[in-house]
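TrEMBL lists 12-54 with the feature domain 'HTH cro/C1-type'. As annotated by TrEMBL, Fe cation binding site applies to Cys415, His457, His461. Sequence annotations record features per position, and here TrEMBL assigns active site to Glu458.
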Amino acid sequence: MSDEMANFIGELKRWRENQGISQSALAKRIQYDRSYVSKVETGQDFPAPDFAKRADEALSAGGAIRRAYKVAAQAANGQPSRSDPTAAVNAHDNGLIVELEEAELHYDHIIGNYRASQRRRIRNCGTAPIYRYLIRISVDRHPGSPEYSNELYRNDPLTWEELNLVAHCDDEPMTWHVQHDRDAFKELWLLFENEESRFPLYPGESTVIDYSYTVGDDKWGQWFQRAIRLPTDRIVVRLDFPVECRPNVWGMETSMSAEALPFRDPIQRTESGDRVQFCWSTDNPPLHARYRLEWRFKNHHPKDEMPTSEVLPSERMSAIGIVQEGDPVLSGSTQPFDLPREADDARRVIAELQSAMTRVADTHTFSKGMGIAAPQIGIPRSAAVVRAPDQTLITLLNPTIIDQSVETDVQYEGCLSFFDVRGKVPRPLAIHVEHVDIDGNEQITVFERGLARLVAHEIDHLNGLLYRSRMLPGTQPIPVAQYRGTGQQWNYPA
C-alpha cells in the first residue's frame, strides 16, 4: 500500500469514526455494498472517484476525503501531485516530519476545565516551503454513545470563545484559518504568519509550534487521544491532575493493522504536592496509529456530584453511556461480523465495549463478574465482552449457544440496562458456545456455572432478549434495595 493510499484510508476512517458510524452504515448512506467499504479501508481495492465523492458528502468532510483521494489517485497513476503547495502537511511524502511531539492535558477541578497544550518540533525535509499546519480539536463527553454526545453538543456547541486558542511558532504568534467548524469538532490551519510578519518553514529548517486551548469538563470526556498523521520520531503525553481526585489512568493503542491493545510500555506516575502527573512516551510510532489515554476519578469535584440517595443506579448507567430498557436497539436482532473482512469494525466495537466496561466498573463492584453487549452501547452488532470474577476478559464475536446441559439453577441477575432491580433467572449450568476470532476462525468454548450465566446473559442481548423474558411465570424483579447478594458470588455446590 502506498503512503498516499494509507493517508486516504486514514482520512476516510477518521471522518467515519468521528460520525460514530460503522462501515455498514456508511455503505448504506452512500449506496455502496458494505464489502466494498471494507475492502477500501483495508487497502484491498482502490476506490472509484464516485466513492470518494459520496463518502466526502455523507461524512460532511468538506472536501478532505476527496483531496486525499486525488493525491492517492495521482500517485497510483505515477503522476506528481498538483495540489496547493501550502497543503504540504497533508502528505508526508512532501517531507514534513515531527521530531518531537509533547502533549499535555491539565485539569483544574476547581474551575472545572481542561487545558490541552501541544508542542511540536517539526522539520521540513521536502523541497518546498510550508506556509501552514493543520490541527484538529475534537471532544466527546460520552464515548461509545454518539446519540448522547450529539444531543449535548447540539444544545451546547463548543465555541471558539471558550476554547481560547493560542498558537505560536517559536516566539511568533500565529494566526489561523478555520476549515471546519462543527458542534464538537474544529479543524483549522495554523498559518506561519501574523499581522506583522511571515515566517514560512523552508526546506532543511526546523521550528517549534506551540498551541493550547481550554474545554470545560462538562464537554470534555475522560480521554485524551493522539493520532500519528505525520512521520514522528518521538511522542510524549502527560496528564496533570489534582491528587484529591484520585485519578486512575490507562492507555490503549490502535493501528491500521492491529486491534486495540494496552500500551506496550507502562504509564509513569509522579506526585508533586497536590498534583499528580501521568507520563507516557514512545519512539517512532507507526503512521496512523492512535494512542488513547482514559481515566476515572475516584473522587469528584462537588459540583459534579449529586447525593448518592438521589441518583438511581439506572441513572448512573445512563450517564456513562449504557442504553436503557425501552430503547429499540435492545429488542432488535444484531448483525454478525463478516470476518476477517470486517475485522476493523470488530476491533473498534470491542475497544468501545472495553472502554464502557471500565466506566461501569468504576461505578459499581461486580463480585460475580460482569458483561456488556454491543446493543447496550447503541451498536446493533454481534459482539460482547465478559469479565470473570478473576478478571479474565472474554471476547465474544458472533456467539451462538449450540448445546447446553439439562441441569439448571435459578440465581438473581442484574442488567446494566435496568439496574434498579434484580431478578431470579433459570439458566443451564453449562453451555457450549460457537463463536469466531478476529480472523474468522470458528471456535467452540464450554462455559460452566457462573461464567455460563454471564455469557448466556450477553448472548441474550445479542438476540434482542432481556432477562425478564427468562424469569419463571408469576415472578417479578425486586428493587435493588431489597437484594442481599451484592458483593457476593453466586453459590454453587462444591
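The first residue you see is number 1, and the count goes up from there.
Cβ atoms here come from the backbone N, Cα and C positions, even for glycine.
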His457 (Fe cation binding site) - helix vs strand vs coil (DSSP): helix
Residues within 8 Å of the Cys415, His457, His461 Cβ centre (excluding the Fe cation site residues themselves): Gly371, Ala373, Gln376, Glu413, Leu416, Ser417, Glu458, Asp460, Leu466, Tyr467
Residues satisfying Cβ distance under 8 Å from Cys415 (Fe cation binding site), sequence separation of at least 6: Glu325, His457, Leu466, Tyr467
Reduced DSSP assignment, Cys415 (Fe cation binding site): coil
Under 8 Å by Cβ from the residue listed as 'active site', counting only residues of that chain that are 6 or more apart: Gly371, Ile372, Ala373, Ala384, Val385, Val386, Leu396, Pro399
